[in-house]
Amino acid sequence: MTERLPRPVRALIGVRVINQLGAYVMSFLAVLAGPDLASAALAVFGVAALASRWIGGTLLDRLAPRTVVVLGLASTGAALLVLALAHGPPQTLGAVALVGLAFELCEPATQEALARAAPPGRHGDVYGLLGTSLVAAGAVGGLLAAVLLPFGARWLAVADAATCLAAAAVALAFLPREPVRPPVRDAAWRPSRRLVRLTLAGTAFAAGYLAVLMYMPFVLLQRGAPAWLPGLVLTGAAVLAPLTGRLGRRALDRPSHERVLAAGTGALALAALVLAVGRAVPVTVAAYLAWAVADSVLQGRWQALIASIAPEAERPRWFAFFGSSWGVAQPAVPGLAALAGGAMPVAFLAFLAVPLTLRRPKPKPDSGPVPVAAEPATVPEAVADPS
């Protein structure tokens, strides 16, 4: 499949795979910060990452995607080294803020670059391949985490920094140069109702996803798992996901992205419920693996949906606006987990909210004949807003 894709697509996926080999610090951030500082560290990271996403989208108005990708990866690597050397709450929280500010810089640029380079009608394949490749790289990363975690979570930050810097070097060498496209200069631009609805659904999805991702290693250790088990569980999930994701995309090629996302998040909610109520380590591991399989089927669906419906000239704005869903969810999840008494109940409720939000509102029934003079004025509005 990769041989039939353009070289820029393959190069960018390769860059992200290198980065993903060590991109698990967020999963172990609560472990690195410690139980007393975990909630504060995750909240600081989330707020900083929200700002990072918007900064990354703004930079696309002035810089080419290649430049933003290199800048984001290099700055993340440098910030992770600072985190690895930090001691005490003030230094740790400051370093976490630096990591968060750099963490999302390259994400809008990655999505926009893939949207530009993808062949017509193949956005789903491209974003699905990216997601599957990242999960496969996570299998190797999980083994490395299993080896390094017993020596301390700081070594995870060092390994993550090394892969970020290596990915930045590869991006600088192999991603093609391209001119900066002039941004849409429209002060009156505002997101369509459909984009707002999708972003709300994406925020609920991100909250559920991050509640599982950020707290899963912590939950396993709290329930009595040995220190090497979280890394192996992540590896097992990463080994399963590429196969199940590929099979799922083939089986669900015909339904719309929104239908697949609605059904898939229902399965994620069921797995999160088991994670919330099951206390035994084997049950927790099995439920997480089931969750990872369901998630693999959804790999690339959100990005492909946005890329397929966004007007080309406004696509960076759509990616930046929709991407804010993750930035909003990241700082919200720790507080929600504290209020709910655990992260897995938050994940269950958040996933349940996604299908409800994705459901399009039913058209209002006709209240009477429409005057002929008013008809032309309503047509452009209906065409402009696909929701």
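Backbone N, Cα and C atoms are what each Cβ position is placed from, and that goes for glycine too.
Note that the structure is predicted; figures quoted are calculated from it, not measured.
Annotated features in TrEMBL:
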- 369-387: compositional bias 'Low complexity' (COMPBIAS)
- 1-179: domain 'Major facilitator superfamily (MFS) profile' (DOMAIN)
- 361-387: region 'Disordered' (REGION)
- 68-87: transmembrane segment (TRANSMEM)
- 126-149: transmembrane segment (TRANSMEM)
- 155-175: transmembrane segment (TRANSMEM)
- 195-216: transmembrane segment (TRANSMEM)
- 228-248: transmembrane segment (TRANSMEM)
- 260-281: transmembrane segment (TRANSMEM)
- 332-354: transmembrane segment (TRANSMEM)
_Just to confirm my parser: what is the rounded mean pLDDT across the domain 'Major facilitator superfamily (MFS) profile' (1-179)?_
86
*At an 8 Å Cβ cut-off, counting only pairs 6 or more apart in sequence, do the transmembrane segment (260-281) and the transmembrane segment (155-175) clear the bar of 3 or more pairs?*
no
_Under 8 Å between C-beta atoms and at least six residues away from its ends: which parts of the chain pack against the transmembrane segment (228-248)?_
24, 27-28, 128, 131-133, 135-139, 141-147, 149-150, 216-217, 220-221, 281, 285, 288-289, 292-293, 295-297, 299
_Most Cβ pairs under 8 Å with the transmembrane segment (195-216), selected from 126-149, 155-175, 332-354_ = 332-354
*Quick one: do the transmembrane segment (155-175) and the transmembrane segment (332-354) have at least 3 Cβ pairs under 8 Å, skipping pairs fewer than 6 apart in sequence?*
no
